[in-house]
Amino acid sequence: SSNKELKDEL
Amino acid sequence: MNIFRLAGDMTHLASVLVLLLKIHTIKSCAGVSLKTQELYALVFATRYLDIFTDFISLYNTVMKLIFLGSSFSIVWYIRRHKIVRRSYDKDQDTFRHYFLVLPCLLLALVIHEKFTFREVMWAFSLYLEAVAILPQLVLLQRTRNIDNLTGQYVFLLGAYRALYILNWIYRYFTEPHFVHWITWIAGLVQTLLYADFFYYYFESWKNNVKLQLPA
């Protein structure tokens, strides 16, 4: 679960 | 993007616009905690380090610019604007927010997804955002008279994170491996801090009386 996917959140 | 996250972003946008509008139109920041605004500016500065390196979407970049711009301009208004600064209640806004910054920084150095500058700053911004409202809540309890706009600002700020929790629940069930404990726990703590404010806010709205927080 990379943090990448969270980076699209503000 | 899901409806909960969009609603959360719009609620967050509304909160900063309500505050900016209040300060810009009536040229007053009575009841507004400068400490909370400074903490929020720091939250955005440490969270959006990737604004110029990772392009995610136009929406993402525009919203980041709005949040950065609004939070820093609110701090500028309260610190520098010759009229607004006069209404800043520095004797009441005394929460030592450095006591919030340091523990969040230490915690981020210990608990993060990866030990890189960006990831530690990301974790720091999440922990700091969870507690950034405290100086404002303390100020509201001290000043007693909460004007509508400030009350709406705090309410919208709390509601945005509650909507984000719904967004995380939605993403957990729709996206495999979507597990982010750091973000979830920080977001939950943040929302819980608003719980008593929400209670008194709804009570005052239901009974149609002025919002009063118990001392």
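Yeah, the Cβs are placed from backbone N, Cα and C, and that goes for glycine too.
Under the heading transmembrane segment, TrEMBL lists B:55-78 (among others).
Proximity of distant same-chain residues to the transmembrane segment (B:98-115), defined by a Cβ-Cβ separation under 8 Å and at least 6 residues beyond the stretch ends, is recorded for 39, 42, 121-124, 127-128, 131-132, 134, 180, 182. Residues annotated as transmembrane segment in TrEMBL: B:98-115 (among others).
Counting residues 6+ beyond its ends, the transmembrane segment (B:121-140) has Cβ neighbours under 8 Å at 31-33, 35-36, 39-40, 42-44, 46-47, 49, 89, 92-93, 95, 97, 100-101, 103-105, 107-108, 111-113, 146, 150-151, 154, 157-158, 182-183, 186-187, 189-190, 193-194, 197, 213 in the same chain. The transmembrane segment annotation in TrEMBL covers B:121-140 (among others).
Annotation comment: TrEMBL describes B:152-170 (among others) as transmembrane segment.
Within its own chain, the transmembrane segment (B:182-202) is flanked in space by residues 111-113, 123, 126-127, 129-131, 133-134, 137, 140, 151, 154-155, 157-158, 161-162, 164-165, 168, 211-214, which lie at least six positions past its ends and keep a Cβ under 8 Å from the stretch. Summarising the annotation, TrEMBL assigns transmembrane segment to B:182-202 (among others).
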